[in-house]
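Asker: Pasting in a structure now, in structure tokens, and then I'll have a few things to ask.
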Amino acid sequence: MTQRVRPEMQTGIADCGAACISMILGYYGIRRTLSEITDALGAGRDGTSALSLVRTSRSFGLHVKAVGRPGSEVIAAKTGFPGIAHWDGNHFVVVEKADSQRVRIVDPASGRRSIDRSEFEDHYSGVYLEYTRGTAHKSDRRERESKPLLSREVIFTYLRRHRGTLLTLLLMSVLVQAAGICVPLLSGMLVDRVIPDRDQSLHLLVLVATALGLTGYLVLCWVRLELMLRVHRVLDRQLTGAAVAHLLQLPLSYFLSRGTSDVVQRIGSIVAVREMLGAQVIAALFDGPLVLVYLFVVFDRSWQLGLTLVACMFLQVAAIAFGNRLTIVRSKQELATRAAADGLLIESVSAIETVKASGLEAQIGAKWLKLFDRSLQRSIASARIESSVQILVSSLQLIAPAVLIWVGTAQVLAGSQTLGQMIATTTLCIAALIPTASLAGTAQRIQISSAHLSRIRDILHAPTESAGGNVIAPELAGNISLQDVSFRYSAESPWVLENIDLDIPAGSTVALVGRSGAGKSTLARVLLGLFPPTAGCVRFDGVDASQYEITSLRKQFGVVTQNAGLFTGTIADNIALSQPGATRTAIMSAAKTAAIEADIVRMPMAYDTVLREGDGLSGGQRQRVAIARAILPNPAILLLDEATNALDSETENAVVSNIEKLGITRIVIAHRLTTIVSADLILVVQDGRITERGTHRDLVDRNSHYAQLFQSAAKADVR
């Protein structure tokens, strides 16, 4: 039988290339997480290119070549499968198999499907990646295949930590089972001994024993429920807390390569997984022993009924397993399309002013509805299968008691059991079918949750940011030195910065200028240690940044970007974000330096005015609140990345003048070049290199590229 590609659904809109590589790697027995592949690709929000797929595939030990050929030739070749096809100009799919009539593809957005030849040629964009088996990673293949998947890691790691409580729960379950078994056994005694002998005293004794058994059963069930809720709460808190803590420890590059809505949806998948862990897995731990106890008791009393019970259980499990195979892929498809719809909605609400100002409400609504309808169709398809399976299981649960009673009656007629024994045993058999269905259903839900686990796995498998060295950074003077620094996002991505040498004295102002995309913001992030250099060394006060504990180092930086992020809370809370214990006097002083105090005191609640993610403030006010927040901790180094572009010239000059009086090192990125003429050093960045450096006067006198940029900016300001 021909080996098939195992579908891997993309977890984000730009993950199709990574998902396709993951499928090809899996086909050749090499297991890599989607996060590893995404990082190797260096894929940004705009996706990735075929060349990046080739480079990344080779880095994982696959032999691949990209060919430009018509779709008819790809099909006619009948070799090079599976391969990756460029699709609709902005997507990638895996081509699994092709013949003269049909082409079978695995789309990371929608799963496996078979399409006719004409449809393939309509969507195919002319680039095909042919793969053959590589040998470079055989040892890696064995090592990685031995590691457990995240689903098992998550489940057993968290359950191991609470084995004491779980053992108590297990004891409670055993006692509950004992109490539950007593009732049918006592019922059998009533039929076999009390009724034939008309034994009133035994009748009363059985009645009391039954009442005590039921009371004990109810009490034990209540205690077990409380323990399960306690474990559920602890698991819920620890799982969510660990995922969010891990997310916050990821490097900045992780967030830059994924959209905000994408990250938010991955966190949302934790809700589904934690429900599965808290309710389903914990219940399964006790349903398993319960089934075994029932089987032991039934086989002890009648092997014929025991075999009948096992057959009924097998049919239940087989029906659920069959349905599971059909629903798991559809569930992943549903999640992928729902994520696309939710992502569009999050982005639209975040940019609602632009949507309304451009009159795009109907267009966005129609686009969302199209995605939602697609998600709804897949949801209905999954629900239809699940309902069919549930109907089949319910029918089996209805038929099984009749079959068990028929077998038990045959034994009574044959004299191998009494009527009371038959009633007790068949009652136990019927009771055993309930936890069996629960166990099979739990296994099904765990498998369906694998779609959510894949999304969380991208977070939990992503390597956290290095904590740096063990040395707590002392109070810095503000000297920065870069020695032959180069940077790129991954081993296969192009260089963003190359061979940067730079010395910035403490207390000086350095301006970075250049056209958009030249590498200014990346250079600033390397200067502040937000991006560790791929090559070379960054030093603060002569000490390699890698020797310092990263958090203690960054606490001495102040950063303000053009899209200043404010949080729900008062203005005072936002200014004192990094120093919650700051005095009102210190907060007011920072506000004065940022030239925002006059605006604040005119507000009805002044510093206690509540903001909701910054709503109610103009763009310039938001920027000045962010500047006040950055300078409140008295940073040694301050980065202003287009941080005053929303201010008028008079206010901007006041802010710049006030910051200069602080005497700290300042790194300024600005497109409005008239604001940086007083900088101690101006660096012109082009294509990731510093091509010019000097003061404003020096650069203008040279008739340099900077002089041309400055003249263009001056003319724009005049207009």
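Counting starts with 1 at the first residue shown.
From the backbone N, Cα and C atoms, a Cβ is placed for every residue, glycine too.
Residues or ranges marked as domain 'Peptidase C39' in TrEMBL: 10-131. Taken from TrEMBL, the feature transmembrane segment covers 166-190, 202-223, 276-297, 303-323, 388-407, 419-440. The feature domain 'ABC transmembrane type-1' is assigned by TrEMBL to 167-447. Residues or ranges marked as domain 'ABC transporter' in TrEMBL: 480-712.
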Asker: Restricting to CB pairs under 8 Å, which listed stretch, 202-223, 303-323, 388-407, is in contact most with the transmembrane segment (419-440)?
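Answerer: Answer is 303-323, with the largest number of Cβ pairs below 8 Å.
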Asker: Cβ under 8 Å, sequence separation of at least 6 from the ends of the transmembrane segment (303-323): give me the contacting residues as numbers and ranges.
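Answerer: For the transmembrane segment (303-323), the sequence-distant neighbours (Cβ-Cβ under 8 Å, at least 6 residues beyond its ends) are 291, 294-295, 385-386, 388-389, 392-393, 396-397, 400, 403-404, 407-408, 411, 425-426, 429, 432-433, 436-437, 439-441, 443-444.
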Asker: Can you give me the average pLDDT across the domain 'Peptidase C39' (10-131), rounded to a whole number?
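Answerer: Average per-residue pLDDT within the domain 'Peptidase C39' (10-131): 79.
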Asker: In the domain 'Peptidase C39' (10-131), how many residues does DSSP assign to helix, to strand and to coil?
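Answerer: Going by DSSP assignments, the domain 'Peptidase C39' (10-131) contains 44 helix, 41 strand, 37 coil.
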